[in-house]
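Engineer: The following feature annotations were taken from TrEMBL:
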TRANSMEM  B:12-36  transmembrane segment
TRANSMEM  B:48-71  transmembrane segment
TRANSMEM  B:83-102  transmembrane segment
TRANSMEM  B:123-145  transmembrane segment
TRANSMEM  B:151-178  transmembrane segment
TRANSMEM  B:210-230  transmembrane segment
TRANSMEM  B:250-270  transmembrane segment
Amino acid sequence: MSSSPSLYVDRDTFLHRLNARSKMGLLLGVFVAAYAFGDPLWVFVPLAASFVALVAVGGWPNFKRLSFIVVALFLVGFAVWPAFTDPGGDVLLSTPLGSITEREVLFALGRSQRIAAFIVGGLLFVTTTSNEEIVAGMRSIGIPYAFCFAVGTALRLFPTFLGSANTVRQAQAARGHEVGGRNPITLLRSYVPLLIPVFMTAIRNVQTQAMALEARGFDTRGERSFYNRQPFGTADWLVVVLGLAVAAASVWLRLQGYGTV
Amino acid sequence: MRELVTMWRDTRMIMLVAVVAAVYAALLIPFAGLVLVPGITAVRPGNVIPVIFGLMFGPAAAWGSAIGNLINDIFAGTFGPGSLFGFIGNFFFGMLGYKLWGNLGPLSSGVEPDFRENAGRQLVEFVAVAVAASAACAAIIAWGLEVLGLFPFSVLGTLIFLNNTLATVVLGPPLLYLTYPRIKRMGLLYTDLLHDEDLPDTGTGQAQTAALGLLTIAIAWVVVGIAISMGVQDVPFAADQGATFGEGGATVQIALGAIAFLIFLGLTSISGERLSELID
């Protein structure tokens with residue numbers, strides 16, 4: 001596990017400079033377009049657009065890191081969906097166990113591409129948006145400050161606990177503790193000595209951290225100001241309009257009967 | 001239900017939300033054990049967190065579990081529309097523990113969940129709570145991904161339910177035995193942090209009805225959803241997803257889920273908690 005688990009890539013691209021809210025608007029367009037259609041040719045458009053954008057903003061290492069997940073989800077979806085739809089069209093493969101028709105393949109391919117489009121779209125967002133920008137974006141769309149504070153704090157604590165979880169695992173291994181076994185119950189039981197130190201280390205600091213916050217006048221009900229407030233400029237408005245237009249056009253095309261299997 | 005809102009006034013509860021979320025996310029990644037389906041799910045010991053923390057930290061664990069799962073999605077690269085349903089599912093996964101404990105009538109042990117006295121009855125109650133919370137989480141996420149047309153209900157419903165239940169039932173009792181007394185001594189149980197007026201003012205009968213209703217609906221939803229998806233006993237809508245809602249999943253599956261979810265919300269809104277009365 002790398003020391004920095006974040007997928008954010010610090011670059012100065014057009015997407016990086018956008019406000020988190022406008023990126024959410026753009027993401028909405030990608031997600032609606034991927035959701036609206038079932039035909040793999042039509043679903044391929046938002047998938048390809050997201051992928052090209054991801055590579056352009058320097059997200060290729062992230063994609064490589066997660067390609068196993070994308071491929072696995074794609075293949076599982078592709079294997080599962082034919083059993084859940086009506087057969088139709090030409091028989092492409094006939095075996096003693098059953099046959100696969102053209103419609104089943106297209107349906108499964110469309111659904112698998114949709115899964116991939118959602119993942120690549122989400123990856124594009126987290127690649128171009130830092131944790132602080134995500135929290136600021138949440139606050140700026142009206143999510144209560146206390147909730148945003150909890151998310152922001154959790155995002156900051158997460159790498160620390162991730163490191164301590166790995167340290168505990170290595171420390172217990174050095175003492176001869178073995179984690180393993182193919183039996184799920186035995187495997188799970190072997191985690192007990194690892195989980196207790198992680199829990200207690202994390203919980204022990206809650207009182208101190210709460211006191212430190214209150215000593216500095218922490219109040220979730222008051223109006224807050226942010227040091228790093230991102231402006232919402234013309235480019236952001238244009239991107240939001242583009243995202244909404246893509247979403248509306250996708251729904252309209254779908255209602256006209258385009259993009260179905 | 002008001003404690004889910006009023007808890008945001010207390011600094012220590014807010015810190016607990018952040019800590020639960022960070023611990024949950026931190027344990028999901030490095031401690032992913034036996035892989036069940038590559039890329040989708042593994043036997044994850046971290047899944048024990050929502051239920052046991054729910055019993056100790058109450059509403060903070062509900063919010064913390066939801067946020068922790070969201071953070072996991074962000075860092076694991078699976079952030080997307082499905083994350084919304086992951087958020088809601090994990091919220092209920094963390095919430096049902098403190099809502100159900102002590103309110104399950106004949107299944108309840110009548111003592112706090114420290115596995116010190118009446119251990120056998122506590123185990124029965126804990127298994128019931130774990131099954132209900134796991135079923136609720138599984139049903140909500142499986143339903144959500146069916147709505148999005150990503151995976152059939154039976155695929156994720158079965159996997160998430162078994163995965164959550166296994167981790168919680170196997171790891172929950174020993175972890176509660178070892179951690180509950182320490183956290184109680186620290187004064188960090190939600191019953192110590194929340195004021196009396198913040199806790200739900202619900203009669204015993206109503207709280208029990210809501211808790212048993214939540215248990216029943218959670219299990220029924222996941223069982224019926226899987227049965228419909230698998231086409232058990234020739235249920236007419238069965239595996240055939242010819243009748244689909246837009247480009248989402250089967251219309252009947254979506255309708256069933258919507259009804260079950262509304263009932264779930266209704267029961268949650270009238271539910272209470274009894275741990276504050278059970279703690280010495």
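Just so it is clear, glycine is given a Cβ too, placed from its N, Cα and C backbone atoms.
Distances, neighbours, how buried they are, the whole picture for these features please.
Structural biologist: Within the chain carrying the transmembrane segment (B:83-102), a Cβ under 8 angstroms from the stretch's Cβ atoms is held by residues 4, 20, 50-55, 58-59, 61-70, 73, 108, 110, 113, 125, 128-129, 132-134, 136-141, 143-145, 147-148, 160, 164, 190, 210-211, 214-215, 218, 264, 268, 271-275, 277-278, all 6 or more beyond its ends.
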Engineer: Spell out yes or no: are there three or more C-beta pairs under 8 angstroms between the transmembrane segment (B:210-230) and the transmembrane segment (B:123-145), with each pair 6 or more apart in sequence?
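Structural biologist: Yes, since the transmembrane segment (B:210-230) and the transmembrane segment (B:123-145) share at least 3 Cβ pairs closer than 8 Å, they count as touching.
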Engineer: Determine which residues of the chain contact the transmembrane segment (B:48-71) at the Cβ level, with the cut-off under 8 Å and only residues 6 or more beyond its ends counted.
Structural biologist: 3-4, 7, 13-14, 16-25, 27-28, 79, 83, 86-98, 101, 113, 129-130, 133-134, 137, 167-168, 171-172, 175-176, 179-180, 183, 188-191, 194, 273, 275
Engineer: Who are the chain neighbours of the transmembrane segment (B:250-270) in space, where the CB to CB distance is under 8 Å and they lie at least 6 residues beyond its ends?
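Structural biologist: Non-local partners: 1, 92, 95, 99, 136, 139-140, 143, 146-147, 153, 202, 206, 209-210, 213-214, 217-218, 220-221, 224-225, 228-229, 237, 241, 243-244.
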